Amino acid sequence: MDHLRSEKMSFVQLIIPVESAHRAVSYLGELGLLQFRDLNADKSPFQRTFVNQVKRCGEMSRKLRFFKDQISKAGLLSSARPASQPDIELEELEVQLDEHERELLEINANSEKLRQTYNELLEFKLVLLKVICQNTAATLNLRVFQEMQPDPSIKAGLRFISGIICKSKALMFERMVFRATRGNLLFNQAPAEEQVMDPVTSEMVEKTVFVVFFSGEQAKSKILKICDAFGASCYPVPEDTNKQRKLIREVLSRLSELETTLDAGFRQRNKALSSIGFCIGKWSIMVRKEKAVYDTLNMLNFDVTKKCLVGEGWCPLFAKPEIQVALQRATIDSSSQVGIIFHGMDAVEPPPTYFRTNRFTHAFQEIVDAYGVARYQEANPAVYTVITFPFLFAVMFGDWGHGMCLLLGSLILIFRERKLQSQKLGNFMEMAFGGRYVLLLMALFSIYCGLIYNEFFSVPFYIFGSSAYKCRDPTTCSDAYTTGLIKYREPYQFGVDPKWRGSRSELPFLNSLKMKMSILLGVTQMNVGIILSYFNAKFYGSSLDIRYQFVPQMIFLNSLFGYLSLLIVIKWCTGSKADLYHVMIYMFLSPTDDLGENQLFWGQKALQIFLLLIAIVAVPWMLFPKPFILKKLHSERFQGRTYGILGTSEMDLDAEPDSARQHHEEFNFSEVFVHQMIHSIEFVLGAVSNTASYLRLWALSLAHSELSTVFYEKVLLLSWGYNNIIIRLIGLVVFSFATAFILLMMETLSAFLHALRLHWVEFQNKFYHGDGYKFRPFCFASLADEDD
């Protein structure tokens, strides 16, 4: 029963010499069993002692993120340096990171300048090539444009501007130039033969080369402004063909030189990034640990001598020897002359809650903690949730064919556990992987319940022998499903008789079976919840809760719904309409006693009236005594006193819940009475509503079965009724997709959420407060990657 109660916690104090502080906190981080308390909560992060060290670690983290981004952009893979490499100090690492950053920034700046020059020369080359190729057409167009000019002086002053622009802006650019010059121009354009890199987005874009013929300085000024607005690059091209050819040779030569220089720069950059990539994983872990250590040291205070740091925190009782060994090792390794003092203290605040879990139980504990973390030493619902949660899911999802599909999926996740743990998964896959063992038990229980319901993708099988029913008349055996069947042998050995499938009594029989089963399961689980409230009250030593909550709650629930459940079981066992009174007569009286129907009737009425009366009495039993007893205890303890009692941690922990000891400052009777009244009303109304809420087990189980039947009969069987392979394949595909996405995904999620609600509301509200807080020790293993 170690998992039923959280681990016993101890509030401890550490007095650490300054020279041992860093190493001691590091060793405690490796151990991960001590939760430090922030003694500087009233100070801002910038007022703490080790703020400069935290800033340095933050700056190193920024540089490491920059390196990772550069490695990712370069398409390189980072790997961890072999363990044989020696460790380095934080100061040395800081110097190395600074050098690497300066080197990369310088390389990037030079590469960016060279790339910009290369892009300009490439665009210039494209413009020159297009101008030379279209020289004849441009000359002809120019002569036509000159002949259109009426003024001879204008003919003599014709000029042109050549350049390159993005293809997506070319049409708008042409229209704008035409409007600005009122049509007094000649515009030629042609697509560039090569794509050019955009300096902003670093993506290759298509561009268009243009030549604009115009006259006048005013037109030139307008065209240049428009080019600047549209991001077009203009390049001067001489009119002489020989000069053009000479210029293009020079441009091609410079481009070749720049390509060689850029390749050398890329190789140098990749070499630097590769050397960083071998160590970046190790460096990132080191910086994260150092930052976590200094953040923790900022939670400690200096003593009056300024030579020691004082820290407080919580640790499990079993971890004290391990923590002491780690602190002794820190003292020896730091060569300190003064040892670290580690001792227990009394605490005013309640301890944190810590349950030791493994890979199997972790997911079930998270399901409970999602509702609320258990109060310290409170009964842990996860102990029962391990079985009850997958079982209630299976009651709603009972089909051993669908259960085998879930089992296959869960086994794949479990067998590939190590591989999937190191990968980044999507939201859905991460949720499925985290609950792989929950999924495993859900699948196993679904197979079990499916065998009870005798459903395999809604099809019954004669697994455990032949049916207990046969046709009433062999000649009309084909109409057995409409005329009925007769029982001729012992019942089917396990589960539902397959003969019920398709009979006229199938739906009434399954409705009755699943509805009554839901009530039995619900009343049983609610009784378990109330019994756990008894163990909680006994553990905390609260006799008031036992006498005035547990006892009346058990009486109220079982006098109504317990009696109903017992009648259901008796009817199933006897196979008749006998009620509880009949069974009592049969058990306690002689078979020769002659009791008439009138006596049985009035005996049954008397029993029911008695149960109803004690259920009514249980309501004021829950409501009135406890507040008045608490008021009396408070008056006796504080009569004639003007001071409050100085409490200790032991007194607070041993005090009865809702007792006078916890209200020693001021006792408000009306507040206590209203709280008790609300609690009583919630239980009385909840006893009815919660029992009705368990009928969702019946409703979802029936819906799952009928939906599966519809897909099987109306899709698969209907398509296979045609003698056409295409129709059969279509029907098989539709049936497979419907089974996978509706029954195995949507129905699984629906049943999961309903089982979750039954545990959170109907079960846990009987005993579970859930107002505690988790034990979160300082642990390097739980440090999240900053990129994540």
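Each residue, glycine too, has its Cβ placed from N, Cα and C.
Any TrEMBL annotation is an automated prediction that lacks curation.
Residues of the same chain lying 6 or more positions beyond the ends of the coiled coil (83-117) and with a Cβ under 8 Å from any Cβ of it are 56, 60, 63-64, 66-67, 70, 197, 199, 258, 261-262, 265-266, 268-269, 272-273, 276, 279, 282-283, 286-287, 290. Annotated coiled coil per TrEMBL: 83-117, in sequence order.
Feature annotation from TrEMBL assigns transmembrane segment to 391-415 (among others). Long-range contacts of the transmembrane segment (391-415) within the same chain: residues 432-433, 436-437, 439-440, 442-453, 455-459, 517-518, 521, 696-697, 700-701, 704-705, 708, 739, 743-744, 747-748, 751-752, 754-755, 758-759, each at least 6 residues beyond the stretch ends and with a Cβ under 8 Å from a Cβ of the stretch.
Sequence-distant neighbours of the transmembrane segment (436-453) (same chain, 6+ residues past either end, Cβ-Cβ under 8 Å): 359-360, 363-364, 367, 386-387, 389-391, 393-395, 397-404, 406-407, 409-411, 413-414, 417, 463, 494-496, 701, 705, 748, 752. Per TrEMBL, the feature transmembrane segment maps to 436-453 (among others).
Marked as transmembrane segment by TrEMBL: 517-535 (among others).
According to TrEMBL, the transmembrane segment annotation covers 555-572 (among others). Within the chain carrying the transmembrane segment (555-572), a Cβ under 8 angstroms from the stretch's Cβ atoms is held by residues 516, 519-520, 523-524, 526-527, 530, 578-580, 583, 608, 611-612, 614-615, 617-619, 621-622, 683-684, 687, 691, all 6 or more beyond its ends.
What TrEMBL lists as transmembrane segment is 606-624 (among others). Same-chain residues lying 6+ beyond the ends of the transmembrane segment (606-624) with a Cβ under 8 Å from its Cβ atoms: 548-549, 551-553, 555-556, 559-560, 563, 580-581, 676-677, 679-680, 683-684.
Away from its own ends, the transmembrane segment (725-746) comes close to residues 402, 405-406, 457, 704, 707-708, 711-712, 715-716, 718-719 of its chain (Cβ-Cβ under 8 Å, at least six residues beyond either end). Per TrEMBL, the feature transmembrane segment maps to 725-746 (among others).
Long-range contacts of the transmembrane segment (517-535) within the same chain, counting only residues at least 6 positions beyond its ends with a Cβ under 8 Å from a Cβ of the stretch, are 379, 381, 384, 388, 392, 395, 545-546, 549-550, 553-554, 557-558, 561-562, 564-565, 568-569, 687, 690-691, 693-698, 758, 762-768. A mean pLDDT of 84 is what the model gives for the coiled coil (83-117).
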